[in-house]
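TrEMBL lists 319-456 with the feature domain 'FAD-binding FR-type'. The annotation signal peptide is assigned in TrEMBL to 1-19. Annotated transmembrane segment per TrEMBL: 45-63, 135-155, 167-186, 207-230, 250-268, 275-296, in sequence order.
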Amino acid sequence: MTPTTVLVLFAAAIPYAFAQDAPPTPEQIAHQTWADNSNTQICKYTAWTWAAIIAAMLVYRWTLHLLRHVRRLANLNHGTTSDGRQKYFSIPNENYAKAKRHLISAPLFRKRHNREFHLSSAMNVGTLPGRLQTLFLVGYFVMNIAFCVITINWHDTNKTYYDDARNRTGVLAVLNMIPLFLLAGRNNPLIWMLDISFDTYNLIHRWIGRIVVIEAVAHTTFWMAGKIAIMGPAKGWAMVTTAMVPSNQLIFTGTIGTCSFVAILLQSPSIVRHAFYETFLHVHIALAIIATSAVWMHLDTLAQQSLLLGAIICWVIERSLRLYRLVRTNLGNGVTKAEVEALPGDAVRVTLRIAKPWKFQPGQHIYMYMPSVGLWTSHPFSLAWSDEQPAFSAEKTLPLSRQDLFATRKSASMSLIIRRRTGFTDKMYRKAELAAGGKFMTTAFVEGPYGHQSFQSYGTVMLFAAGVGITHQVPHVRDLVAAYGNGMCATRKVTLVWIIQSPEHLEWIRPWMTQILGMEKRREILRILLFVTRPRSTKEIHSPSSSVQMFPGKPDVGALIEKEMGGQVGAMAVSVCGTGSLSDDVRGAVRERCERSEMDFFEEAFSW
């Protein structure tokens, strides 16, 4: 069967909800044929719209990738010739700089984007999407409205528009379930193809879900309105009530599906997700399974079932890839073990001994399962460090002989810093705090890695972090200092700005920063600025050296970036990982200056 044939089949009109007493007239057959062709064209237009968006983003993504690769290669050497080329790459393109300022990196309104709205300390209503994200979402919503109404004769005296609108909204609801399921997955191939974060796809997933709910409700409403309009209110309502019984599979399962979609919508607002995330997630999955099963039965013998099958296949493949990653990473060479250590400042350091490690890269994150703490639930965390250390011994005593010591098996060690919040992280912290020595060991399962990022094509790199956001920036610092020492990057200046509440938070990464500060040529490239917002006394604020400085209070982000621009080498990358307010401040500062110098903004965030 050819793709064209499949497309025609799934766009075929849904039969009437009830069998007709008389055979259809030639006029009815002709109208149904027209409706079939119309729905087929609408499905084609939707598919082509998605294809065009993906193609445009592919061209944009790979063009940027190529330009950054060329820029890195052109500036590998440390000589004066390279610095001359760096000057060329520091000059912004006027039109692209304007696009970054007013569209690509712009918040919806003036400044606020990642800073959350709080009704109270316990009630979070989410964040505002960016300007480009909003443009896409509004455009996609308007397109769906247009496709629901165009080509339908809304003035037909025979009132066939009820059936036409019912069929159209039903087809579009099922069609939209394909991107709905695809974009919900961690293994969505568009993440690495288009270099768009899972956070953005999660946002699109939520809004496409709302569109599906609206179209499902409209589908049901047009069916009910058609019965009432044609048969009259009394007979129409009686027919609707009579139809919603288990013996009428088409209507009964359709009703269950619509009700399940509405239930998903009602339990998915940000307030509910943030306050009861784990409960929300389990209920969300259960309702999605009920809705999908009901719609599958509703479409029994109908061509649209092939569309729903496509959505289900996306879900099955994504879950299979998760299982494959879990098995590949955690089994076969022992199992993955985790040492959880309580740290000052309500944080824990999780050191993972991965059964089958991978190549560590900056910007990677994982989903960690810890059955002894969170049963089957998984949670995302940035990988902060990777090292080679002796594997955990199953015995409580150390090896007694030199031969035993050298015979101890080596395994990759990867570490996380996790701030204590509620739920899973609170349980983990309290368990470590109560354990002997402030640490405990347990079995863990790691799913990943996901994502990676490199700033090696930029001459100047500024890394902003607040609190536990440092876990995203430390791997970049080590990567850039090592690449500079080996002459393998364009980077000449790296500035790390870390905002913490107390000096005791320095203990989170002290062993890793000690290694970084001892790296070759570190003093030539790295500067660290520490800002302590809640020091207990001024005696706690002291700068160890000229390259590692400590200040009280919050930084003036704009002033720091402006100062760095004064000595900028080549293109500048500005990355931020921390609170929403810090991210918005850095974004605003970059947007104000990106038309004067080549400057790219990178934000690491995860919302749900």
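Note: Cβ is positioned from N, Cα and C throughout, glycine not excepted.
Please treat TrEMBL annotations as automatic predictions, because they have not gone through curation.
Looking just at the domain 'FAD-binding FR-type' (319-456), the mean pLDDT is 83. Relative to the transmembrane segment (275-296), the listed stretch 250-268 leads the set 45-63, 167-186, 250-268 in CB pairs under 8 A. Counting same-chain residues at least six beyond the ends of the transmembrane segment (250-268), those with a Cβ under 8 angstroms from any Cβ of the stretch are 17, 206, 209-210, 212-213, 216-217, 219-220, 223, 243-244, 280, 283-284, 287-288, 290-291, 294-295, 297-298, 300.
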